[in-house]
Structure formats: C-alpha cells, structure tokens
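S.K.: I'd like to ask some things about the structure below.
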Amino acid sequence: LKKRLEKCNQDILDYVEEFQDFSKMVLSRLAGLNSYKAEVKTQRDIDYFGSVTDSNTCIEVHEDLVKQQLFEEAEEKKKLKLMLNASCDHMLAGIKSLKIVKKTGDKHGAWMKDPGKKHSKIYLLNGSVNNVILEFANIMTFMESSHTLKARRVTLPFPWEGTGHIIYQGFLFYHRYGSLNEIIKFNIQKRNTADQMLLPGAGRIPAYQLSPTTKIDLAIDEQGLWAIHAEPETGGNIVITKINHITMAVEHTWDTSCNSKDAEAAFMACNTLYVVYNFPSGGTSRIQCVYDVLDAVNTYEIPVLHFPKRQGSHSTIHYNPKEKQLFAWGDGSQIIYKLHTTQKV
C-alpha cells in the first residue's frame, strides 16, 4: 500500500510538471500572438498612412496635370489668335436682302469672284462633276451674255467633284473627282497644277446631308483658306480645317458641335463657321448652328438667322470677305445675299 501511495504521488508530481510546461507554452504562444497583433496593427497603420500619402500624391499629380493642360490650352489659343489675326471682330447678325443675278446652268454648281485679287472677274463652275471653268470679265458681262458667249474657257487637267471649290489669289482650289480627299491647287492664268494635298479624315461622307455630292467644301474668309467636311468618327458633326493656301499644309483642325444632318451648305466668315439648314423637300434656308474657332462668340445666344423668303435649296454658299456678301447657287440661279454684321462681344 505504501509503495502504491508513493507511485501515485510521483504520478501527480509528473502531471503537475507537465501542466506547468504546457502552461508556459500556452503563455508563450499568447505573448507571441499579442506581439503579432501589435505588428499587424502597426503594419495596418503603415499601410493606411501609405494609402493616404499615395492618395494625396495622386491629387497633387492630378492638379499638376490640370494646371499643365490649362497652360497648354492658353498657349495654343495665343498661337491661334496670332495665326488667325484676332482683329477680325465682326459677326453675322442677319441677311438683309437677296438678288438673283442670273439663272443659268444645272441645279448644282458654284459661282464666285476672287476676293484676293483687284480684278472683278466672275467665274462660273457648272455641275457637280466638270472640268471647264467659264471666266467673265465682270458681273455686267456675265449678266448680259448667254451661257458661253464672251466667256473665256479654262480646262482643268482633272475634273472637280461636288460644288465646294473656291478661287483665291489667282488659284482654283478644288476636290479632285474620283479621289477620296485630294485637293488640287490650280493656277488659272498659267493653266497648270501648282500643288496638291490630302485632307486627313475627309471624303468618306458628305459634308452636308442635303448636298450629297459635296464631300469637301472649301471656303475663304478674312484669314484665308479653310476646308469644311464631316467624319463618321464625329457622329456626322462638321470638322473645319485651316489650310495654308501657299504651302498647302494643315495649320489646325477643329471638331465642331454642328451636325451635317439636314444641312445644305456652310461658309466661314471672320473665323466663324455658319451652317445653313433646310428641309429635305426644300424650303426657307436658315442658319441655326454657329461655331467660332476662337470662342469669341457666345454661340448659344445667337438666334436662328433666316434667309430672305425664297423656296428651294442651295447647292453652295460662299462668303466673299472683300465685298462682305454671300455668293450662292440655288436651283440653277446665281444669287447674292447682302449681310448685316455686328461686333463680336
């Protein structure tokens, strides 16, 4: 019995020692967990601080990018104002009257004076595809003559396409028939091709829905040569491009907010695009979209400008900056519109 009691006591002591060892191990692990929790908390604090720092850095970088972008836009506007001569400060306020000068030629065509020359010659370009220009000495000769009488015939090496051609400083600028977007610069007096260029993005869809033969419409204002067209990527909105008429290089391009749907023509005047709309069946033409490339006009405050009452449609409308008039072709009639202008605000 004594031996059994001694063995039980020894077993109890052994259990106590094992329990103590186990307790030490548990306490040690608990201490380790507390240390890990502290490390985790510290790491979370570090991560949070890092994320806040990164966020602040992103905000600072974003602000710097916005500042840089605004600076670049301001510099670009300065360059454009220098290029486009910001002294041109008038805008169209109304169309005062119309005069039908003559009725000759096809439904589609264009007629014009050269605003860059001192002479008073009249040029007639009949049809949407042709290669013969008729040159008249002056408007009286044009009015009195028959279609070809007393006219000098100038034959082009390549026919034109549409009615968007323009004559400036002795050169005819026109979209070459059969090409996607080739513009020809033709010397009228020497009767040869002086230069040519490709207009990026143009030629795939009509510039105006109601004038489907014209893919590129060239225009002249106080600042020189422009091209007007539409692109599928802009949803059919009109794009305008400033072209250096001497080098035939693109100087700048603007995507406008004016849509080509139900448009029949457009023209440039004093750095501003005026788009003329009508009904598919024909009616009274009206200007109801205006785009100023220098943002000098608050286009949202401009009322719709109606042309003098005349039912029909326009094949082309060109602004003559020298005479401050519009030369238009409407259903075979050659028309002059006199304009009422006001100062830009």
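Heads up, the Cβ atoms here are built off N, Cα and C, so glycines get one too.
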S.K.: Where TrEMBL annotates a disulfide for C270, which of C8, C58, C88 is the other cysteine?
M.R.: C88
S.K.: Using a Cβ cut-off under 8 Å and a sequence separation of 6 or more, which residues in the same chain sit near C88 (disulfide bond)?
M.R.: D221, E222, Q223, C270, N271
S.K.: Among all protein chains shown, how many Cβ atoms are found within 10 Å of the Cβ of C270 (disulfide bond), not counting that one?
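M.R.: A count of 24.
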